[in-house]
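Heads up: the structure comes next, in structure tokens.
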């Protein structure tokens with residue numbers, strides 16, 4: 001990680017902020033960090049880059065919210081594997097001339113979420129340039145004893161579930177959401193998760209990932225999709241239906257997963273979660289994505305194209 | 001890792017290019033990758049971000065060179081710990097409208113170097129936007145049985161060595177260099193490396209990192225600094241001395257390290273390397289950086305400020 005002199009001060013500040021962690025025998029201040037993984041046979045690694053003007057605009061987003069989101073989207077990916085996050089490294093392109101306070105707030109947003117989930121900040125690369133703000137975080141984690149839950153394990157007969165409510169995330173949730181680390185962990189203990197991911201591209205688009213990776217078809221129940229209040233508000237504003245928002249807005253960062261019929265009954269009778277859990281459809285043979293309408297008719301699922309927020 | 005529809009094609013192409021690797025039980029195509037580290041108690045992790053207009057301009061840099069450099073700077077950091085690189089993840093902001101060929105060439109540059117050092121490409125996040133090209137690579141590695149070589153182990157009495165020649169990297173080397181992975185490994189086997197880093201900020205600035213982290217002083221020998229032919233050329237062009245270029249240009253990506261006097265004699269008598277190895281100074285008590293001139297006079301080291309290339 002090489003450094004311009006004008007970045008040294010910020011890095012010294014970050015180094016001061018970053019607490020020692022027994023998982024990080026060597027942290028910020030050398031050429032690499034060294035990590036001691038508790039269960040290193042199954043390291044999870046994921047990276048997400050957020051770009052100003054694409055994934056956020058500032059304002060209305062605050063630097064603290066951007067820092068939060070940059071780590072949260074990564075933790076959401078680790079949640080999607082039912083994994084436990086352990087460490088993260090951060091690379092940053094700061095617009096030249098922004099006040100030092102901005103970078104500090106950005107890191108404060110990262111640190112706050114890192115502390116909440118005991119994620120060690122192991123290092124980073126801080127740069128400045130004439131361009132917009134870019135932040136890329138790589139998160140490292142580990143699987144639990146039950147292993148990683150992939151996208152490819154859905155089987156015909158499975159029930160499809162989703163946590164929380166969907167749609168309208170752009171109004172605020174995409175900046176403030178809590179990654180479903182704890183919920184994924186509780187589900188992983190309670191039942192045999194066949195396939196799982198986090199809803200980032202939108203319910204329909206993400207369901208398609210499971211369809212493709214598992215080699216199955218799905219039938220969604222129109223009347224069971226959990227529509228968030230934010231989707232209702234968005235619908236009132238733009239005239240599209242709230243249901244359409246729930247299906248295709250994306251950036252919900254809820255868990256979408258499939259389990260056997262028996263486990264589905266168990267979850268519906270006694271959910272281990274404190275947030276809503278909805279059974280929204282069924283995995284079937286084939287490779288089609290279909291919708292059972294409220295009137296009981298089965299039709300091809302109308303997939304709205306995923307659009308970049310903004 | 002979430003995805004816009006227009007990035008899916010590129011990702012499918014990348015996935016096709018990326019060979020299966022027994023170190024990566026789960027590669028591109030899920031929410032995270034899973035890695036199986038051979039020796040997981042000591043994972044090394046480092047990240048570097050390269051930005052168009054700061055770390056390269058295109059042209060003259062080709063996409064293939066940029067891909068090469070983006071991975072090479074990370075491998076150089078792992079070399080600086082005398083570690084072995086294992087895997088990498090890539091996040092990318094592509095200027096909207098660039099030809100698909102550009103992204104493919106960028107990845108080809110990465111893959112070629114990854115193959116050379118058996119680095120598994122485990123995943124990534126590919127985006128497009130209106131801004132310039134940004135690429136951030138996180139590399140993961142492991143230490144050898146002899147442990148990681150940090151910046152903090154230099155002791156008074158140590159000899160200071162550097163590999164290769166220094167200065168003038170901007171003329172081309174910064175895009176094409178081979179990270180000193182193999183050289184670091186051979187040195188680590190041959191002698192007891194007390195402190196090491198890769199020369200990225202410039203010899204004087206990087207030596208200062210060792211001075212600060214080890215709590216020592218240094219005396220450099222003016223006449224022993226290995227001046228590269230590129231530094232000579234740069235000097236003819238801009239009128240600064242070749243020596244000054246060697247001291248402060250940066251991006252040399254050579255190894256700078258300290259060893260005991262006995263090990264120094266051993267290295268000078270019988271170097272394990274096929275590239276030049278120069279003894280350039282001595283570690284002393286205190287915290288000063290000094291220079292012994294060709295005339296034998298000891299003066300404070302004139303440290304030119306590090307400047308961003310370009």
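Heads up, residue numbers simply count up from 1 along the chain you see.
Yeah, the Cβs are placed from backbone N, Cα and C, and that goes for glycine too.
Marked as domain 'PurM-like N-terminal' by TrEMBL: B:29-142. The Mg(2+) 4 binding site annotation in TrEMBL covers B:31, B:46, B:77. Positions annotated as Mg(2+) 3 binding site by TrEMBL: B:31, B:77, B:198. Per TrEMBL, the feature Mg(2+) 1 binding site maps to B:48, B:125. Residues or ranges marked as Mg(2+) 2 binding site in TrEMBL: B:48, B:77. According to TrEMBL, the feature substrate binding site maps to B:55, B:251, B:306. The ATP binding site annotation in TrEMBL covers B:107, B:124, B:125, B:151, B:200. Annotated domain 'PurM-like C-terminal' per TrEMBL: B:173-291, in sequence order. The Mg(2+) 5 binding site annotation in TrEMBL covers B:201.
The two recorded residues, residue B:55 (substrate binding site) and residue B:77 (Mg(2+) 4 binding site), have Cα atoms 16 Å apart. Residue B:46 (Mg(2+) 4 binding site) falls within a strand when secondary structure is assigned with DSSP. In this structure the alpha carbons, written CA, of residue B:107 (ATP binding site) and residue B:31 (Mg(2+) 4 binding site) are 21 Å apart.
Taken residue by residue with DSSP, residue B:77 (Mg(2+) 4 binding site) is part of a helix. Considering only the binding-site residues B:46, B:198, B:201, the residue whose Cα is spatially closest to the Cα of residue B:125 (Mg(2+) 1 binding site) is B:46. For residue B:151 (ATP binding site), the spatially nearest entry among the binding-site residues B:46, B:77, B:201 is B:77, judged by CA separation. Following the DSSP three-state reduction, the secondary structure of residue B:107 (ATP binding site) is helix.
Ranking the binding-site residues B:46, B:200 by how many other Cβ atoms lie within 10 angstroms of each Cβ puts B:200 at the bottom.
Ranking the binding-site residues B:48, B:77, B:198, B:201, B:251 by how many Cβ atoms sit within 10 Å of each one's Cβ puts B:77 at the top. Using a 10 Å Cα-Cα cut-off from residue B:77 (Mg(2+) 4 binding site), the binding-site residues that qualify among B:124, B:198, B:201, B:251 are B:198. Within 10 Å of residue B:201 (Mg(2+) 5 binding site), counting C-alpha to C-alpha distances, fall none of the binding-site residues B:31, B:46, B:124. In space, B:124 is the closest of the binding-site residues B:48, B:124, B:198, B:200 to residue B:31 (Mg(2+) 4 binding site), judged by Cα positions.
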